[in-house]
Each structure stands twice: as C-alpha cells, then as structure tokens.
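*Asks:* This is the structure I want to talk about, given as structure tokens.
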Amino acid sequence: MSLPHQVFTTQEIRFIEQEHASTNNGHCYDLMEKAGRAVFEAMRQVNSNPNMVYVLVGKGNNGGDGYITAAALLKHRIPFRLFAVGVPHVDAEAYTAFSYFTQLGGQIEYELPDLQEEAQNGNSPDIVIDALLGTGLESAPRDPFGKWIDFINSTKAYVISVDIPSGVNADTGTVYSDSVMANKTVCMLGLKPGLLTGDAVDYVGEIVVCELGLDVSSYHGKIDADVVDGASYLPIYLSNYEEIIADLPVRMPSAHKGDAGKVLLIGGNKGFGGAISICGQGALRAGAGLVKVATDKSNVEALNALRPELMTVDMRDSHALAQAIAWADVIALGPGMGLDPENEIIIEDVLSAEKPTVIDADALNIMARVGLSFCKRAILTPHPGEAARLLGTTIDRINNDRYHAVYELQQKCGGVVLLKGAGTLICDGKSIVVIQEGSPAMASGGMGDLLTGIIAALKAQGLSQTSATLAGACIHGRAGYLSGEFAGVIGTVALDLLPFIRILVNKRPGLVEQLNHIQQQHHHAALLENVAAFSN
C-alpha cells in the first residue's frame, strides 16, 4: 500500500483538529469514532476471526479510539478483553467513548492478566490493540505505562498501534526505553514524521494512514508561522520515487561524453584507496561522462587495473590538482581522504573554485575541526557522527531529533544537507524530504562513498542541487533494496549495487527480473556442480 507524500507534525494535526472542531460545534468526537472503526477494520484485515483480542487503553484520546474499537469488537461478537490504565477525565471526548462502550455492556479490567495462566487456559491473545499513549508524548512514559508496554511486548501477539506505537515520539522518532514494538501502525489524519526515521522504523511495522474523511492535504504547510518555528515549520514530505526520477537526464542520440559531465573526486589517502574507488565506480554507473580521481599516488595502479575508465591525478601534486579542479564541472571530496593537515588546503582550493561540490566523510570532519565555511553550492552528506561534529553536539542529540538536526545543519552550512541513516533526511532550506528507499542490506562499509559518487554524477548531468541529492538518495536506496532482494541482506557490499544503479538510472526495472532469473540459474548450476564434486 503506497503512503501519502505529505507528512504532518503533531502541531499541524492539532491545527487540523481545531479547524474541524470549529465547524462541528467545537467537537471532534466524530473523528474519534472513525478512528476507532479504522483500527477495527485494520484488525480484521490481519485476522477476521481471532481467538482473543486484547485492547489496552490509556486515559487520553488515543484510549478513546481504543474504546470505539472495543465497541466494534463487542458488536461483532469477537472475543476480546479491554484493559484500562484509568478512567478518562469526565470533560474529555475520550470519556464519551468510555461511556458509549460501557453502555453497550462492555467490561473493563484495570489489572493486567498473567500471560502464563492465559496460555495454559488457551486464552492467549492473537491480536493486541495498543491505545495507551498517543502523539502528545514528549518524554519517557511514566508509571504505570512502562509496565503495560512491557506487557504488550511480551504477548507474542500481532500488535496494532493506534496512531503511533506507545513510547515513540510522533514528531522526532525518539524511541524511549519503554516503547511498543508494533506490527502495524494505523496513523490518523496524516503521516507523522516520527514514524519514518531513526530507531522508530524498527517499532512501527506496516503503516496505514486513515484521513478520517477530511481533506488533510489542503492543510499541509498552511499552519500559522506564529505557532511554530524552525524545522517544525518547514513542510515535510515522504519521497515519491517515480516523481523524483522523472527529472533524470535523457541521453540524446548525438550525445558524447562531455555532455554527461566531468566529475572530479578527491580522496583516498594511503591505505584508504577503496573508498575513492567505490565513489568513482558509483559516479560512472550513475552516468557521468568523465570521472577523474585525485588520490594518493599509491592507489593509482590499483585504480587503473580495477576500473581503467577512471582517470587519476596525484592529490599531493598541487599543480595537477589545480588543473583538475579547473577541468571539473562538479567536485566531490572526502571519501578515504584522511585528516592530514595538508588536506585543509585542498578543501580551501575546492571551495574557492565555487563549483558544485559534494562534501562527505573526512572532508566534513576537517571542516568541522578548523571551522571552514561552506559554499551555497555544496551538498553535504553527513552521517550522525559527522553531523554531531559539525554542530558541536553529541550523536545522541542528533539521533533524538533528526529533523531538527538536518534543519540546523542546513541553516548553518547552506546548500543542501543529506543526513544519512534509516529514513534519510534531505533539507534544502525550503522543505525536508524523508527518503523511504533503503534496506538493512546497506549496513556495510562503502555505501556512503557510493552515494557521494552517484550524487556528483547526477549533478554533473544537469540536475539542480536538490534534484541531484533526492534522485541520488532514491536510486542508492532502491539499488540497496534490490540487491538485498536479489541475494539476501546479509553480506551485501557497496559494489553489489552497481548493476542495479545502472538499471535504475536507465529506468529499466524489467531488467531486475531478468537478473533474478539469471541468478537463480547460476545458483542452480553451482549447486549441481558442488553436488557432483561431493559425489566424486
């Protein structure tokens, strides 16, 4: 199921609810009714005839949704038990839902059962509805919620969370020590940013968005600027792969190598030639017409043997490097560069050339160390550690609010910033885009070097800073996903992505199926060969 591309902060959701209430006699109970029924329908899609459903509710509006879900279970005679942390405040709309449930004859339990006893009696739940804590959570859950969250996680049932898994921050994606691990999250009104990035992606499971009959898209980015500031005010979007790659350049019949751009890559200190080699191969496969690598001279022979299409320059030869900088349309620097003091001069020379530049890895660390200023034509691609050094803070602070971190980096450095990690974020000062492409197959060294080469190549082919960064991240992430599907997520290395990158930049997804077929044939032939060898 495809997700909507607009992402709404909790402040935007509150604004939408207030606008709805202003035209509905000051109430949003109708939205609560729709939300509860949406959770019920999501449950039926998972299991239309469960043996037992547990519904755990808090005292807020999230719990109100849970009472409506339980009422639907009662009406459809599906076995369930409802456990409540407490009774909603009498003036709250959740209390209306509580009253509705009890008037139907619904029973409420205020103590959690012993799961071992329930298992012995054959009453273990197939499904658990998590309606404990909603989008208002801004700190670690207080007692007794921690105990109730642990209970949910210990049931081994299929868990459906209402709006957000309890214990996860809906805006930042911060996962507190006690957080529900959901199999499915039914997100109300709009997609929340905290579901999409950082550690939260391990907790949300499948995401379903229910707009509850409202035209929520008309509110996106329309919240009063007086209400919020900074990153909270920038509109947030989820990447749309097809829309983003629509900007990819088309190769004309008369095209020659100069038309596809000249890319200079700088990096690969002694003993670190692999990083710049991966970067160079990524640039070639992403379509750069000419790629020149300025690297330590000890790497030249290996580069020429491995990928003769890559031209090489000694990065310690200042005259040759200056010529290469003047030659290039786009420059990328950092992969395997090292932290040598002389690299500061190289970075200064590159930035003074005022050419489109992709800055990664050690180049970012050097700039953070010496306080060099970035140019507005730069694309920065830090991971959380590099981001922390650039902002003079801790990795934990970066990871605890990745949206604010990428915004703060862009405001400080200018240009376009790509913050790596699960749910990669891209900020150009106008919006923040969450990249939904990717795979755990990409959790290995060299993937960032590959991304740098891809983005540089796309920029050299005429894309804008923002478009090159978005397209590069999407192609990189999808290539990682396809490679993981092709042979498994464990053991994938950066160069495994190259054939998929080539397919994707040429917009030929049908070749993926052909590759899978070839792999299956190869695997079958190798298996027969091994069996024959063993038999002999």
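Note that Cβ sites are derived from N, Cα and C of the backbone, with glycine treated the same way.
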*Asks:* Going by the K(+) site in TrEMBL, where Asn62, Asp130 are listed, which of the candidates Ser22, Ser99, Ser166 is also part of it?
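*Replies:* Looking through Ser22, Ser99, Ser166, the residue TrEMBL assigns to the K(+) site is Ser166.
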*Asks:* TrEMBL records Lys420, Gly421, Ala422, Gly423, Thr424 as AMP-binding residues. Which of Gly392, Gly448, Gly453 is assigned to the same site?
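*Replies:* So the AMP site in TrEMBL includes Lys420, Gly421, Ala422, Gly423, Thr424 plus, from the candidates Gly392, Gly448, Gly453, Gly448.
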*Asks:* Going by the (6S)-NADPHX site in TrEMBL, where Asn61, Asn62, Gly63, Gly64, Asp65, Asp163, Ala275, Gly336, His383 are listed, which of the candidates Asp215, Asp449 is also part of it?
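*Replies:* When TrEMBL describes the (6S)-NADPHX site, the candidate it includes is Asp449.
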*Asks:* Which binding-site residues (Gly423, Thr424, Gly448) fall within 10 Å of Ala275 ((6S)-NADPHX binding site) by Cα distance?
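*Replies:* Taking Gly423, Thr424, Gly448 one by one, the ones whose Cα falls within 10 Å of Ala275 ((6S)-NADPHX binding site) are Gly448.
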*Asks:* Among all protein chains shown, how many Cβ atoms are found within 10 Å of the Cβ of Ala422 (AMP binding site), not counting that one?
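*Replies:* Looking across every protein chain shown, the total is 18.
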*Asks:* For the binding-site residues listed here, Ser166, Thr424, which shows the highest count of neighbouring CB atoms within 10 A?
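*Replies:* The most densely surrounded of these binding-site residues is Ser166.
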*Asks:* Report the nearest neighbour of Thr424 (AMP binding site) in space among the binding-site residues Asn61, Asn62, Gly63, Asp130, His383, comparing Cα positions.
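*Replies:* Ranked by Cα distance from Thr424 (AMP binding site), first place goes to His383.
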*Asks:* Excluding near sequence neighbours, so keeping only residues 6 or more apart in the same chain, what lies with its CB under 8 A of Asp130 (K(+) binding site)?
*Replies:* Leu56, Ile152, Val159, Ile160, Ser161, Val162, Pro165, Ser166, Val180, Ala182
*Asks:* Which one is it: of the binding-site residues Asn61, Asn62, Asp65, whose Cα lies the shortest distance from the Cα of Gly448 (AMP binding site)?
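*Replies:* Result for Gly448 (AMP binding site): the nearest of the binding-site residues is Asn62.
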*Asks:* Within 10 Å of Lys420 (AMP binding site), Cα to Cα, which of the binding-site residues Asn61, Asn62, Gly63 are there?
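*Replies:* Final answer: none.
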*Asks:* Could you tell me the mean pLDDT over the domain 'YjeF C-terminal' (240-508), as a whole number?
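*Replies:* Mean model confidence (pLDDT) across the domain 'YjeF C-terminal' (240-508) is 96.
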